[in-house]
Amino acid sequence: MHTPSGPLPFYRSLYFQVITAIVIGVLLGHYWPETGTAMKPLGDGFIKLIKMIIAPIIFCTVVVGIAGMEDMKRVGKTGGLALLYFEVVSTLALLLGLLIVNLVQPGVGMHVDPATLDTKGIAAYTAPGKMQTTTEFLLAVIPTTVVDAFAKGEMLQVLLFSVMFGFALHQFGGRGTLVFDFIEKTSHVLFAIVGFIMKVAPIGAFGAMAFTIGKYGLGSLIPLAKLMGTFYATCLVFIFGVLGLIAKAHGFSIWKFIKYIKEELLIVLGTSSSESVLPRMMAKLENLGVRKSTVGLVVPTGYSFNLDGTSIYLTMAAVFIAQATDTPMTLTQQLTLLAVLLLTSKGAAGVTGSGFIVLAATLSAVGGVPVAGLALILGIDRFMSEARALTNLIGNGVATVVVGKWTGDLDEKQMRYHLDRETEAEANEPEAVLDEIDQHMPVPAAR
């Protein structure tokens, strides 16, 4: 068993290293923009390393969690409650964005003529102009082949196969012990790889931040500062208001939870992608006391169905464009937009820029709001992406704990212990989390 060492010197903590990397990245991008822009491969490389490991981690976590369960009805109950939570909370996020943008009206008075906007930069996003139907979305969850799902890193497809594999392995009972043990030990190896990758997280955060500041510049924020400020403030209201109340109602503090995942939040701030910390979040949530099967089902599903920050962004950005271009939107039109976004927001993945792509597709399909207005926010979208990703990450973490409590899959004593006393060793060595949890992991029940 891996025994965590004592507290690390502050300069060796991931928290300190990522903060330092982000600050250096901002300075480099601001004072030497060409050099900062050239750092883009560092950020891209880090995210690719993480994406490389996501599919097998989801597979191992879900299979071991489901195959080790005694009552298979719990899987269906967990999935159903998770989807119910996702739908309710993401709808609240959409409504909050719609409410705030109508109250603050950040686009009123800009009087932008859509015909004068340069739409070359958004052509790639608006060309398709077609949304998936519900049937197409459901069919897209079924992979053409299992290899294709893993090769492309399609989370929902991998999740579907993993659930089916876990059910099938459970049916074998004791005969499946050898396969179960192999997959369970493989998960240890995969999280050890995550530990290696996280050693270069500061380099990835530095490269991504240097590129963002170097390419777009801090000056690009000034003309649209009101929209930026309104969006960031709305995300804070959602996190500490909506999610804070949900957390309090379920026996934990949103402040302590944010402190517990502070390293993950900093990595997301640097990379603008909540997907970059998915493996670490799964390990941290298991360590917090949520059952492995619940973490394996809720977290990957939440990355498609519970993107709270993206939901806030979509309604705010759409109405902002209408306000800025003097395009009137009646209450009926706004409610129609809301209804469409209830569907299209579920198709955004936790990767950089996905929110802008969904917004472009939605405006192209719905009509009423000039699609050319997307050019207004293209320059600041990367900066808004950071707030989206942070809100998405916190929202999915809270969702996992809440669903775990609803289903009885949360060890509240363990949760309180870790929220009150988080150690640097746990934060920096995700593979050690599995050593702590899996020593009591059950084998498939004999049938």
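Every residue, even glycine, has its Cβ placed from backbone N, Cα and C.
Positions annotated as transmembrane segment by Swiss-Prot, on the basis of sequence analysis: 13-33 (among others).
Annotation source Swiss-Prot lists transmembrane segment at 49-69 (among others).
The feature transmembrane segment is assigned by Swiss-Prot to 81-101 (among others).
Beyond the transmembrane segment (149-169), the same-chain residues lying 6 or more positions past its ends with a Cβ under 8 Å from any Cβ of the stretch are 51, 54-56, 58-59, 62-67, 72, 75, 140-143, 176, 179-180, 296-297, 300-301, 303-304, 349, 444. Annotation source Swiss-Prot lists transmembrane segment at 149-169 (among others), citing sequence analysis.
The annotation transmembrane segment is assigned in Swiss-Prot to 189-209 (among others) on the grounds of sequence analysis.
Through the fold, the transmembrane segment (227-247) approaches residues 89, 92-93, 96-97, 100-101, 104, 106-107, 221, 253-254, 257-258, 308-309, 312-313, 316, 320, 377, 380, 383-384, 387-388, 390-391, 394-395, 398, 401-402 of its own chain, all at least 6 residues removed from its boundaries and within a Cβ separation under 8 Å. Among the features that Swiss-Prot reports, transmembrane segment is placed at 227-247 (among others).
Distant neighbours of the transmembrane segment (302-322): 82-83, 85-87, 89-91, 93-98, 100-102, 106-107, 155-156, 227, 230-231, 234-235, 238, 243, 274-275, 278, 328-329, 334, 337-338, 341, 344-350, 354-355, 358-359, 362-363, 368-370, 373-374, 376-377, 384, 387-392, 395-396, 399-400; these residues of the same chain sit at least 6 beyond its ends, with a Cβ under 8 Å from one of its Cβ atoms. Residues annotated as transmembrane segment in Swiss-Prot, with sequence analysis given as evidence: 302-322 (among others).
Residues or ranges marked as transmembrane segment by Swiss-Prot on the basis of sequence analysis: 336-356 (among others).
Residues annotated as transmembrane segment in Swiss-Prot, with sequence analysis given as evidence: 357-377 (among others).
Feature annotation from Swiss-Prot assigns region 'Disordered' to 422-447.
Annotation comment: Swiss-Prot describes 425-436 as compositional bias 'Acidic residues'.
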Close approaches to the transmembrane segment (49-69) from elsewhere in its chain (Cβ under 8 angstroms; 6 or more beyond its ends): 75, 149-150, 153, 155, 158-159, 161-163, 165-167, 169-170, 176, 180, 183-184, 186-187, 190-191, 193-194, 197, 200, 204, 275-279, 282, 291-297, 300, 441-445
